[in-house]
Every structure is written in structure tokens, then in C-alpha cells.
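Everything below concerns the one structure shown next.
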């Protein structure tokens, strides 16, 4: 016994151990290389704990691949829906919208990829190194996006990789009465996907020469007892993306034509699939018989509407020993949508202690799958616009040029976008502007200029322009797509600045989490805004003054008002302006403008004449007040201002310049204030 132990443990130097050799003792011990050969180690069976760890790693990798398959399936499904909704022939009519092309119709361009004729609304001009412009239809543009987002451009040349099947775990179980078949009791950590079965050609390549199809009944219950190796999802994605995303099956509960392409519609489809119950486990027959290639009735899925209709997806045979025979209904969606071809083949069955299939994953796992899909959060689109501040006329011009790649909001994979502008702080209907709505497009071209009047240099220093892109819905609420914001103090006067910015989700305006001096400045700025809040809510008025020597009197022009306060319940006002030259000159001292219905930015362009000597004008003051007209009750006061010698600031300067420069019209913007006033009647 002692000799056996001594022979088994030898010193690394292959020499006998000497007790007085300290250097050899410091070198340590090692296992004799002849004690356990590689062949003996390979024949040893793995323990149940090791198999559990391996199965968990495989299941976790499969879960990530399944989520990736679903994400790519949604992208390709949206592309196929766009292909099904074509309305023209691509020759005389636009392939997308069906609009007439030619001399009597719209101008047409030829798609670079599909060589079909499209109108300029449905075509997108792409940048290229070629001297002539390159146009793509929206279908081909979407197909290129699918290639980029699915990784097909990368996996096209990616080498094949194989993940092993989970290993059966042997547990000591009580003996069952004779005649009762052994049931599958041990669940796997994660459900398996039948779409991972390899194609028939791959199986024949991996099968040794001379081996016939059928289960291997002589294999020992260990490493060789599990099923054949399967293909990775990346390999299948590569093969399908190389065929221009064709042959994908639309087995999302019957058809995808009625399913919305919005994220909410996708999540509803996922939850419906996850709610389906899993079929009960089927007892394993003994001994197992070879599986026939013919699929059972009702297992063949309908081929997708791609350009290769002959490519169909078959469900795996319903043999109890087949690894993917019992699977949740949710996997029916994952397999075909991922574009796999599960060709019928024979496989070595599991042993009688093979693990059973788990029920569908819980809602938390479904939410994880949705959160893993990051495309919906990053494809809001880009907006191209330009800004110009005309300092002389106190005018801010915002030209909305175009948007590209907007997020699809309608069931047809398109949107009805429009752009609206707000000035912050104090966003309201009074400072909201919007463009027209363009129908059924994700790449709208507006080329529309929106103007803000009465924007002073002070406004440019403390205001922010919010530009939002929304989708118009005739039968419901308009949906928000994305927005961007620009601080006007960064804009130089009389210099146009162009922007091409990616849209973002709603940006919070609260200054949360600021500390120290930054927090102090934030509170100071908010306090300043609150102090002038009453002034801003009243609005502004553009007034022109000119003393005419020919007519011998003062000509007052009321041009427009902007950003007036809303006085009616509908969020608007019915404004008019009243003039009163003080001290009282009788009835000829009072004038009124016309009433503008339901607006907060009225444009009057009216002039009024006061017959007065130039020497007497210095003793007078002009009271200007803006009112909201109401029927059956007293009018509401919005705001006013007073020009004259007793005024201050810009009002005094305006009055003084009028007296100094005869026969010269001088225009100034004035802030409306909640001053003391008399009745408008």
C-alpha cells in the first residue's frame, strides 16, 4: 500500500526525494503523468452540479439570442409590411403611393437598388461620392437600415459556431410501478427554442460516413446522450440577411397586417404570445423509434410574402424524444420570425430522465426582452432647420427644412408629421407656431419659415426655443415623436445658423440634483423669471408714431400684438386696442381698432390721426390699452402702456424721438403691463 502511494506521487525532477534536500522540497509535488491518462479523464461522467452550471450558461446564451431574434424579426416584419402596402407598378405610377408619373403627373426618379420609378415625395436623395444624385425608395432605404441594425453586413462572412445541447441530469428517483412510463420531471433552467434545430444539409455534413439517420441507441448516458449540436442564431441571421431578408415567416398570431408598427403594438403582440399556455409534456416511449421526415398535420407554417415564396418554415416533428418537440407557444413566434428553417431530421433522443419543458416565461422576462431592444429608443429621427434673428425688426425666423428617418407612428409603418415651436419659459398658445402636416411619410420636406415677432435682445438672452415633431391623428390625440431645444443666447444677430440635430425624447426642464453655486444660480434665475412673470403673460404691442407736418397732427399706428394673455375659456382672446390721448380732448381723443377673433397674436395694421399742434404734443401722453371683447358682459383688460414725457425707458425714448424727428415713422415694441386703467366702453 505504501509503495503504491510513493510510486503515484513523484517529484517533478523525476528523481527520488531526498529528505535533506531543501531545494527539492521547496519545488513542491505534482501528480505523476502516468497515474491518470487523458482517455480515462474523458471517459469520466460529469457531475450533476457541473451539468447544472453548463445548462444555465447555455440557457442564458439562448435567452439573449432569442431576444435578438425577436428584435430582428420585428425589423424585417416592418419591412415586409411596407412591401405589401405598395400601391403602384413602379413604371407609370409611383411604386409606393401610386401617384401618376410623367408629363401630367409628378416628377419621377429611379431607385438605385430596385430600379423602380418613384415620385420625389416617396424617394430619398442619399449622399454619395458619385457626381449625380442617388435616389432610393423608402422600401430600399428601410432594407438598408435592416441590414445595418441586424448585423447582416457583419455576419455575412462570419464563421459558423455551434452551441451544445443541454446535458441530461441523472437524479435518484423512486422506482415506479411496472407499466407506467417514465415522465419528464426535471425542468431546465430556461426553455429551449425549436428554431435552433440545424438544417438537413448541416446534419448530413456532421454525420460520420456510413452512419444512417436514426437515434443512437448504444450511446452511454453521459456526454454522448444529448442531442446533436445546433446552429447559433447569429449563423441563421447571416444566412437570411444575405438573401435580402427574404423568406421570413409572418407567424405572429395569424398575420401581421393588422398589428400596429408602433412600440405599443409590438409590446401587445409580445404579451399575447407570452400568455399562451404551454402544451403538457408527453411521456417518452420505450424504446424510441426513428423519426420520419414527414411533418405532422398542421405543423407547416404559411410562407411569408417575400420574393421567395417557395421557402417555408416547418415545425420540428412531434416526437417525444425530440429536444424541441414540447415548447411554449411563444417560441412559435420566435422561430419563424427569426428566419430559421427547421428542416426535418432525426436526432438521438434524451434518456428517460430528460428534463421537461418549462411554461412560458413571466411578464418580467417579457419586459426584459423589450428593454433589450434598444432600436425603438434610438430611431426618433433627425431634423434639419435654420435660425435667423433680425435685430432691426425684432424678428426671429425659424425655417423648418426637412426631417429624416422619423419613427413610424401609424399602422402602415409611416407617419403624418408636423413641427411646432414654443418659446420657453412660459410656453402657451400665445407663442406656439406650427407647420403644415405632411401625410404618409417618414422623411418630410417642409421648407416652411415660422416667425416670432417682438423678440427683443433681452428675450434672446433668457429664452429657449423648443422644436417638437409630432404625428397628427385625425381620430385621436396627436402623438409626440421627438424634440430638440436651443438656447437663443447662442445665436448671433443677423447671422443665419443651420442645424441638423437628432431628435430626443421629452427633455425635463427642472434643474434637479444641482448643488452649491450651481443650485444658487438656478434658484436665482427661477426667481427672476417669477418676478417678470406678470409682464411676460401680458404680451407685447408694436406701435408706430409720426408727426406729419403736412396734415398738422400725430399719426399713431397699431401694427400688431404678440403673446397676449388668454382671457377666454378656450385658451384664446378676442383682442382689440384702445387709444386715448390725455389730457382729455373730448371724443376725438379716443380711438379703437377692429376686434380680432380667437387669437393671441393679432395683426391690426390700423392708423389713427390726432389733430394737434406740435408744440402742444409735448404736454400730452398717449394711453394704449389692449382688451378682450366679451358679449353680454364687461370686456376683460389684458394690458397696456403709456407713452409721454412722464414715461420711462423705451416709452420715453419713443415719444422723444417722435417729437424730434418730424415726418418720420418710428416703430417700437412695448411690453404690456397690468397698469391702472379705465373701462373700455
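Cβ atoms are placed via backbone N, Cα and C, with glycine included.
Record features, source Swiss-Prot:
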| type | residues | note |
| --- | --- | --- |
| BINDING | 111, 114, 137, 140 | Zn(2+) 2 binding site |
| BINDING | 409, 410, 471, 473, 479 | Ca(2+) 1 binding site |
| COMPBIAS | 278-296 | compositional bias 'Pro residues' |
| COMPBIAS | 347-356 | compositional bias 'Low complexity' |
| COMPBIAS | 362-375 | compositional bias 'Acidic residues' |
| DOMAIN | 40-157 | domain 'RabBD' |
| DOMAIN | 379-501 | domain 'C2 1' |
| DOMAIN | 537-670 | domain 'C2 2' |
| MOD_RES | 223 | omega-N-methylarginine |
| REGION | 1-21 | region 'Disordered' |
| REGION | 162-375 | region 'Disordered' |
| ZN_FING | 88-145 | zinc finger |
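Counted over every protein chain shown, other Cβ atoms within 10 Å are most numerous around 471 among the binding-site residues 410, 471, 473, 479. In the three-state DSSP assignment, the secondary structure recorded for residue 114 (Zn(2+) 2 binding site) is coil. DSSP assigns residue 473 (Ca(2+) 1 binding site) to coil in the three-state reduction, outside any helix or strand. Residue pair residue 140 (Zn(2+) 2 binding site) / residue 410 (Ca(2+) 1 binding site) shows a Cα separation of 19 Å. Of the chain residues outside the Zn(2+) 2 site list 111, 114, 137, 140, 95, 112, 113, 115, 116, 118, 136, 138, 139, 141 have their Cβ within 8 Å of the site's Cβ mean position. Secondary structure by DSSP for the domain 'C2 1' (379-501): 12 helix, 61 strand, 50 coil. All chains included, 15 other C-beta atoms sit within 10 angstroms of the C-beta of residue 114 (Zn(2+) 2 binding site). Cα to Cα, residue 137 (Zn(2+) 2 binding site) and residue 473 (Ca(2+) 1 binding site) are separated by 25 Å.
Residue 140 (Zn(2+) 2 binding site) falls within a helix when secondary structure is assigned with DSSP. Highest Cβ count within 10 Å among the binding-site residues 137, 140: 137.
When Cβ atoms from all protein chains are considered, those within 10 Å of residue 111 (Zn(2+) 2 binding site) total 23, not counting its own.
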